[in-house]
Every structure is written in C-alpha cells, then in structure tokens.
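Trainee: Dumping the structure here so I can ask a few things about it.
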Amino acid sequence: MDNLTFRYSVLLVEGLQITHQSSQLTFIFLLTAYVFTMVSNIGILIQISAEKSLHQPMHILFCHLPVSDVIGATVLIPRLLKDLLTDPSERYITYVECVFQAFFVHLYGTTSHTILMIMAFDRYVAICNPLRYPTIMTNKMMVKLSTGAWAAAILPVGILIGLSVRLSHCRSIIPNHFCDNASLFKLSCENTVINNVYGLTFTVVLLISSLGWVLMTYLRIAMVCLKSKNNATNSKAIKTCSTHLTVYVILLISGFVPIFLHRFSEYAENRKFGSVMFHVIPPGLNPIIYGLQVKEIRKRMLKLCRNKVNSS
C-alpha cells in the first residue's frame, strides 16, 4: 500500500495508568458523576422547555450550556468507563471512532466558551440597556446568537480535525486516555507544522476572544452599577452576574490545569486526570450553580420535589 495514504483502521489507546484497586474507585466515581451530569442537565432542559415562565432569553440561551455539557461528558466518560474494565493491551478504538471523539472533544471545549460569551452579552444588554432589552433580545437575535455560538465552534474545529485526518500514519498507538487533535496528528511521521500552527492560533484566538469579551462586558456592567444608585437593581445584577462568572471561572480553571501540567513530564498521569476533570467538573457543577442561583429554576425544582414527596 502507498505509504502516503496509509492509515491504521484500528488504534490502541494507552489509557489511564492506574492500579486495579484505583481503577475500581475511578470507575465508581466517573459512573456516579456521569449519571448525575446527565440527569441534572437533561432535567434542567426539560424544566425550561415545560415551564412557560422560563421561556425568557436568558434561560433559552442557557439551554445551550446543558447541551454542550452533555456532549462533553458523553464523548469521554462512557468510553473511559469501558477502558477501565478492559485489559490495557486490548483497549482498541477504530480510527473513525477516534476522529469523531476528537471532533466532539474539541467542540465541547470550544462551545463552552462561545456559549458563555453569548450569555455574557445577554447580561450586558439586560443590565446596561434594560429599557431596550425586549427590542434587542428578540427571537431573531437569539437565533443569531445561538447559531453564531455553534458555528464559531463547528467550523474551526472541523478544519482543525480535517488537517489531521489528511495525514498518513506511521504509528497505531494513542499515547493518551482519549482521542484529541494532538493524538491524531501524532500518528503521522509527516510534517505537522501546519497542524501545530493552526492549533495554537485557534486556541489563542479562542481564549483571547473569550477572556476579552467577558472582561469587557463585566467592566461595562461594573461601571453601570457604580453609577447607579438603585441598590435593588445593583443587587440583582450582582446576583445574576455572579452565577455566570462562577461558571466561567470554573471552566477556565478546569481547562488551564491540564495545560499547565502538560509542561511537566513527571506529572503526566496528573495531567490525564486533569483533562478528565474538564469533562466532569463543569458539566456536573453548572446545573447545580444555575439551578440554585436562578430563582425561577430553583422554585420549579422545589415544586417538583414537593409533588414527589406528597405523591409518595
């Protein structure tokens, strides 16, 4: 076969290098976290869809976050659970599955930022232009924001993965516990300068855009709050923004930990666990933070709990 077009159809995933006892504890933790993540995120989506009082721009835009979190958890955790129960020498994955996993891993990481960016815009308009909020945040605007958030992730991630898929292979082992873009292009012995440059540029642009946009909106919000003498309005603004900001900070910390540990080879296994937590912590905490902080959702959850208690 022509080496220029050769690709392995089946790959071996290195996986987590942990003891048998630790793998059992890790399996229980990840399974519990996954079930909780799915139930809580899908539960909030159902609540917002079923309750007409929650059909507001803020909550409708928030619905994209549980969808992204479900994708982030599902693309990694079930496969990792399977590998924990499989002998390290038999942790095989097809190349097609590996490509799909890499695509959705990066899609989750990107949409986590783009969705929080459009949510920041919503809070900015609500606080800085409250009188114009209904005329700005129309259904048409929400469609534009939602489409933009997903398109700004799907297109560059598609190019990112496409650049790696074009390469031939000289290796068949994924030196990681899941497939990502780096795992794909490291299978090749060809020149991967384009992959590295595009990947680095994409990451830098995403982070700068995300941080810049969120900082700018919160600075504007802070200025409005400082100028305003209405304590009730300021209190509501702080409460609303603190929820969004908490979610954003958790996302940044969860994302930067594995990147930081990547610089130290002696912490290779810690980096692997750190990258797993990026798919566990934000998807698990986001519904809790929004469910407890947003009054309308909290009331709906309490109402459901009371109905279940009364029915039992």
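Every residue gets a Cβ built from N, Cα and C, even glycine.
So TrEMBL has the following annotated:
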DOMAIN    40-290  domain 'G-protein coupled receptors family 1 profile'
TRANSMEM  25-48  transmembrane segment
TRANSMEM  101-121  transmembrane segment
TRANSMEM  142-165  transmembrane segment
TRANSMEM  197-219  transmembrane segment
TRANSMEM  240-261  transmembrane segment
TRANSMEM  273-292  transmembrane segment
Trainee: Which of 25-48, 240-261, 273-292 shares the most C-beta pairs under 8 angstroms with the transmembrane segment (101-121)?
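Mentor: Top-ranked stretch among 25-48, 240-261, 273-292: 240-261.
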Trainee: Against which stretches of its own chain does the transmembrane segment (240-261) lie, if we need a Cβ under 8 Å and a gap of at least six residues from its ends?
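Mentor: Hits for the transmembrane segment (240-261): 58, 65, 109, 112-113, 116, 119-120, 123, 126-127, 214, 218, 221, 267, 270-272, 274-275, 277-278, 281-282, 285-286, 289-290, 293-294.
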Trainee: Restricting to the domain 'G-protein coupled receptors family 1 profile' (40-290), report the mean pLDDT as a whole number.
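Mentor: Here the predicted model's pLDDT, averaged over the domain 'G-protein coupled receptors family 1 profile' (40-290), is 89.
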